[in-house]
Number of protein chains: 4
Amino acid sequence: MLKIADKSFTSRLFTGTGKFATPQLMSQSIQASGSQLVTMAMKRVDAQDQQDDILAPLIKAGVNLLPNTSGARNAEEAIFAAQLAREALGTNWLKLEIHPDPKYLMPDPIETLAAAEKLVEQGFVVLPYVHADPVLCKRLEDVGCAAVMPLGAPIGTNKGLRSRDFLEIIIEQANVPVVVDAGIGAPSDAALAMELGADAVLVNTAMAVAKDPVAMAKAFAQAVEAGRSAYLAGLGAELRHAEASSPLTAFLDTL
Amino acid sequence: MLKIADKSFTSRLFTGTGKFATPQLMSQSIQASGSQLVTMAMKRVDAQDQQDDILAPLIKAGVNLLPNTSGARNAEEAIFAAQLAREALGTNWLKLEIHPDPKYLMPDPIETLAAAEKLVEQGFVVLPYVHADPVLCKRLEDVGCAAVMPLGAPIGTNKGLRSRDFLEIIIEQANVPVVVDAGIGAPSDAALAMELGADAVLVNTAMAVAKDPVAMAKAFAQAVEAGRSAYLAGLGAELRHAEASSPLTAFLDTL
Amino acid sequence: MLKIADKSFTSRLFTGTGKFATPQLMSQSIQASGSQLVTMAMKRVDAQDQQDDILAPLIKAGVNLLPNTSGARNAEEAIFAAQLAREALGTNWLKLEIHPDPKYLMPDPIETLAAAEKLVEQGFVVLPYVHADPVLCKRLEDVGCAAVMPLGAPIGTNKGLRSRDFLEIIIEQANVPVVVDAGIGAPSDAALAMELGADAVLVNTAMAVAKDPVAMAKAFAQAVEAGRSAYLAGLGAELRHAEASSPLTAFLDTL
Amino acid sequence: MLKIADKSFTSRLFTGTGKFATPQLMSQSIQASGSQLVTMAMKRVDAQDQQDDILAPLIKAGVNLLPNTSGARNAEEAIFAAQLAREALGTNWLKLEIHPDPKYLMPDPIETLAAAEKLVEQGFVVLPYVHADPVLCKRLEDVGCAAVMPLGAPIGTNKGLRSRDFLEIIIEQANVPVVVDAGIGAPSDAALAMELGADAVLVNTAMAVAKDPVAMAKAFAQAVEAGRSAYLAGLGAELRHAEASSPLTAFLDTL
């Protein structure tokens, strides 16, 4: 079972609330995914109307909310958003996102570390979204982050694990859970992340933009389980030469 | 449901009997995989002893046997092996394999087509194992093969879908089921093959050489289902730019 | 120096005459490439007018013509086109291309081998264009082909060496020169093919569709030389861990 | 011509002095590479003996020295090493390297930015070695770095451009030269970096560990020129479908 800070998770698939065509579809997809941790932007939290009705069944079903600071361009804005989120949602869990660049939304390593340090001091359970930077991930761990969330590819691109070589180093070195976030575009990507030894993945866009988000959510749930099981079951090595899985029928020679 | 010739399959994961540490482990793994079609070399069939006791529970559980001609170096040897197999096992299903090269075991396109044509005439249900060659796959379909089994990578290498670009063309053009065979080294590879639109995959080495083959077999079963579901649910496109799944918190500007 | 049949080549970059915006640009680009072997379709050969004036300077500059059978859908058509080409151009060299599929233009292994065997008997120097199929390449070598021309990716796609794993096997096993043909989209692709040990590459589309084909032709010439030199100079292995090329400044500790 | 700070370079291939079997081989290789900027660790600079005799011909030949801070684990150590280097070598150019992790030698984004800012204030021409982090590169540019040096793969691994997707973003956004550093294992990798629009590459290990470093240095020089020329000549797009470069011989139908 995955443990982050004081919470335990039987599902290693985290999700988000963005980009779904309707709130109903969002709610149904998240429930189908079996996810127990769902990230959401403060803007959504802010709207005290219809949305709450959507979140209610999720919360009732035991889903934990993970407010994020998406849109924050520096540490100051992120800390302010975090405080608002804590007040509005009654949770000290936080996905820390700081991305000054509006085109690729790549996270800022400097501001993220600075904000993480302060938020940990303020009692937040901080899960920072970062580039797949092994040194940065160690530093975030050192200042007390509860997990690290390195990206697979620029957010929303569905490109898969383009940072694979660096994710492998992060996973090897981490003493906190590693959650691969952003870029995962298909269940096979999620399975691969888990096979590499990631502790969890966060998937949002790939579910939300699918033709059938609910069915896609289920597919991701299965793929994450498959990848985790394969990691535990011990994958074989890649070989340079062929090896027949069927023994050569030597009997043909003897006839 | 997948239909090949006169049979229907609820599981899209095919397996094989090679390379497992013990016959018991082989039998348990195959049952855990949920596979309904299992390939085996004639050499195994030939040994009328212990092995039969192993196969018995599989057959009882509804698993179909798919004898293969592994070790055949030309059409003549393959046809001879096929006839032996039909007699010994009482099935006209056949995985046609002809590989003259003992190092990489790459299949021979010429002999395979020649043998396929004759075996179809002789009433076999022929599933030929071939390189990921789109034109060859069409020709095998044209002579009456029940499915085509292009490889992802040289057999036994666990390298995954190295022939991906060509598999995509094969899948686009095929009017018979496409079963991706050989090279699949991890559940993520199997999921990817299914996401590309393959009708099934055949996995053997990656299960057999896992530290825990039974657990790995279950993982492959989940991954194949996940990949198939994702294919049906309609995967989103890869994008060049980032797109936030959390809407930017414009509220920060307005405070 | 590369030797194919009775001819020697100092340049390992082969080219073609297709897709250039003007005959002048084609001629200039080929000359800039330094190529000594240029393939052309029979249709071009057929037109006995303007084109001859374009080819004349190339021939005068020592470029050898390699007529191809592009457009042939089976062995019969290819053999007929080959005979026409020999008569029209006075050369028994032939690039054998047979592709029944008009969308991806993937070559037909069966018809290609059948045609190659007959054309060799008729005294042609046959260079067959084929999928990256190691067994087929050996068979073409066995029937007397002077070289083999496996593809990197579907022709005209500029996708690079998508068949890399199979090209490596072909190169390892071949006793005739291996010319990587089709798919090479950039000089880096050409360099990679040469680094893998290919004897030459054939590039056409990537030059012809460049904004500046003449400059691109020169770039390809350099890249082919670079890749060949690197192959001969012995590339280092890929390593799993980092190794600093600058020794760690232990002196910092001693201060 | 490439311009960094006050210097202009006709060669876009930068090199280093590490890992060569002998100082003579190092000197010969660098001269063969045509490189005009050569990085070296302070430890080497420190040894006031034999090495100077090796460097002398390079300097005489117009090669510029780029001392690096390899081995520094934080900003303080790096700044100290930089000051020593300036004094010892009489140059204010500096390759800033800070890597606390001895296994993968991945650079530290936080310390690197902090050191860069101070070193720029102290009059250094700073070229920081960093992970392929687009936001960090912008920040380094903003504090006055003369260029940025993102990595292709962990240093010394010869793995090529594993960070490709992120290098593309860096190149698109940069207002200072981008020098791809670390991981480049073959001339094809160097050509690819230049085709993507990098301004230069730094290669050391791949030359030093080649069987013939001098020949490999020449190969890299050619590849860098090829890649740069291709970038300027305008590469064609990748296509999904095949397009014949030889027009289909419609004449076959009319006969």
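Placement of Cβ uses the backbone N, Cα and C atoms for every residue, glycine included.
Curation plays no part in TrEMBL annotations; they are all automatic predictions.
What TrEMBL says about this one:
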type: ACT_SITE; residues: B:LYS95; note: active site, schiff-base intermediate with DXP
type: BINDING; residues: B:GLY156, B:ALA182, B:GLY183, B:ASN204, B:THR205; note: 1-deoxy-D-xylulose 5-phosphate binding site
type: DOMAIN; residues: B:3-247; note: domain 'Thiazole synthase ThiG'
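Between the CA atoms of B:THR205 (1-deoxy-D-xylulose 5-phosphate binding site) and the residue listed as 'active site, schiff-base intermediate with DXP' there is a gap of 17 Å, rounded to the nearest whole number.
Secondary structure at B:THR205 (1-deoxy-D-xylulose 5-phosphate binding site), taken from DSSP and collapsed to helix, strand or coil, is helix. Under the three-state DSSP scheme, B:LYS95 (active site, schiff-base intermediate with DXP) falls in the strand class. A Cα-Cα distance of 13 Å separates the residue listed as 'active site, schiff-base intermediate with DXP' from B:ALA182 (1-deoxy-D-xylulose 5-phosphate binding site). Per-site Cβ counts within 10 Å over the binding-site residues B:ASN204, B:THR205 peak at B:ASN204. The average per-residue pLDDT of the prediction over the domain 'Thiazole synthase ThiG' (B:3-247) is 91, rounded to a whole number. Chain A comes within the C-beta cut-off of under 8 angstroms for the following of the recorded positions B:LYS95, B:GLY156, B:ASN204, B:THR205: B:GLY156, B:ASN204, B:THR205. Around the Cβ of B:GLY156 (1-deoxy-D-xylulose 5-phosphate binding site), a 10 Å sphere holds 26 further Cβ atoms from the protein chains shown.
Once Cβ contacts within 10 Å are tallied over all protein chains shown, the recorded positions B:LYS95, B:ALA182, B:GLY183 are led by B:ALA182.
Taking every pair among B:GLY156, B:ALA182, B:GLY183, B:ASN204, B:THR205, the residues listed as contacting 1-deoxy-D-xylulose 5-phosphate, the largest Cα to Cα separation comes to 9 Å.
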